[in-house]
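Q: Dropping the structure in here first, questions after.
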Amino acid sequence: MGLLRTIALVILGFSAFIFTVLFGRLPVFRKTPIGLLHRIIWLHIPHGISYIDARLFNGRILRSWGQAGNYILYENHPLVLIFFTTILVIGELIFIPSAWPRISVMHQLYIPIIIALPYYFLYVSVVTKSYITPDNHAEEMKRYPYDKVIFHPGHSCETCHFLKPARSKHCSYCKRCVSRQDHHCIWLTNCVGLNNYHYFLYLLLSLSVMLTYGSWLGYSLLSQTLDRLIPPSSPVRLRKQSWPTFLNMWAAVVAYDTRIGGVTMLMFMTAPLAFAFLVYHVYLIWAGMTTNESAKWSDWKDDITDGMAFKFIGDHKRSDSPLLESAETADSWPGYSDQILVLTEGDPPKEGHQVHKSSNDVIQPTNPDAPIDRRFARVRSMKEIDNIYDLGFWNNLCHVFGNYAAGKAHRA
């Protein structure tokens with residue numbers, strides 16, 4: 001029982017840490033204990049170490065940390081990728097030789113394919129880049145329209161020295177602007193973007209399948225071990241078991257069949273992580289947004305909750321809002337909206353207000369007695385806002401996998 005508890009606690013702690021690192025920064029966890037733990041790990045602990053070092057050691061610890069620390073924390077290094085690959089390789093080297101003589105020919109045919117696919121999709125996810133360069137910048141500028149809600153024209157990247165295309169983001173780790181940037185993945189040492197997002201989804205799917213299949217296969221082998229140690233005809237197996245008896249029985253099995261038992265527990269407790277990440281990205285596809293965009297939409301949701309968002313409901317032909325000024329069009333993109341959304345400090349826009357060209361912020365007139373602009377209504381729900389990048393789940397899915405036919409047909 002002690003061995004089983006120790007293995008379970010170690011794996012559970014590792015899984016919880018990985019879950020927090022992967023999901024803690026997502027908007028849905030922003031005001032939850034998971035988000036708090038993520039901030040503690042990445043913000044409060046480093047700041048606390050820096051504070052203690054400055055007060056007690058005059059900064060000597062961080063100075064000795066020096067270049068190595070900066071490399072680990074701020075550079076696009078392969079250490080996490082090496083760790084991830086090493087865990088996969090070691091787990092398979094422990095599990096497969098022990099399981100191979102005990103499984104049928106059918107499983108012996110399945111296993112090489114199931115373990116090879118994650119490596120292939122990991123490789124193509126790592127080597128496939130979605131960088132925006134001077135050579136493809138003009139094409140990227142036309143790929144997506146600016147929605148004037150979360151992406152505005154006229155913003156330049158101070159590092160790459162060109163206008164930022166819609167849906168792009170500059171990555172401080174890759175030190176490049178990335179087309180349709182979803183997130184920077186430390187497990188890949190690469191940004192997940194336009195060109196490798198579908199490979200990333202295949203990686204998550206293949207990992208989920210491998211871990212689920214491995215968990216089931218390991219359970220089957222451990223059940224065989226249980227039958228050898230405690231035959232089904234044994235009184236212990238025949239009578240109703242209490243939880244302590246049940247756990248002690250399986251602890252004995254894991255202690256006896258350590259290689260299969262340890263790796264099976266690791267697969268069983270980490271499979272939900274891969275599956276949860278896959279489900280989350282399916283949700284993003286359904287919603288027509290990326291991880292980066294979900295954070296921007298979350299900010300809008302907070303602004304709506306605070307009563308700061310307003311929508312133009314008047315005649316667009318009579319509007320002089322810069323948010324209606326035309327920019328470069330994306331001829332290949334079917335989504336379009338002429339909505340005008342603005343943000344205030346909470347008061348409705350007043351007649352004579354101005355709107356920043358590069359944002360939705362309102363500059364109220366200097367006259368405090370200016371009347372309210374009745375052409376604007378307060379936004380009460382996210383349902384009132386159009387997301388031009390959401391073409392419906394099927395078309396979004398086709399776009400992710402590079403099939404633009406559905407999108408073009410949708411536009412026609």
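Glycine is no exception: its Cβ is also placed from the backbone N, Cα and C atoms.
Residues annotated as transmembrane segment in Swiss-Prot: 3-23, 79-99, 108-128, 199-219, 266-286. Residues or ranges marked as topological domain 'Cytoplasmic' in Swiss-Prot (evidence: sequence analysis): 24-78, 129-198, 287-412. The feature topological domain 'Lumenal' is assigned by Swiss-Prot to 100-107, 220-265, with sequence analysis given as support. Per Swiss-Prot, domain 'DHHC' is recorded for 155-205, and the stated evidence type is sequence analysis.
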Q: Return the average pLDDT for the topological domain 'Lumenal' (220-265) as a whole number.
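A: It averages 86.
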Q: Within this structure, do the transmembrane segment (266-286) and the transmembrane segment (3-23) have 3 or more Cβ pairs under 8 angstroms, counting pairs 6 or more apart in sequence?
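A: Answer yes, regions in contact.
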Q: Which numbers of helix, strand and coil residues does DSSP report for the topological domain 'Cytoplasmic' (24-78)?
A: 42 helix, 0 strand, 13 coil
Q: What residues elsewhere in the chain lie close to the topological domain 'Lumenal' (100-107), defined as a C-beta under 8 angstroms and at least 6 residues from its ends?
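A: Residues packing against the topological domain 'Lumenal' (100-107) from afar: 217, 221, 224.
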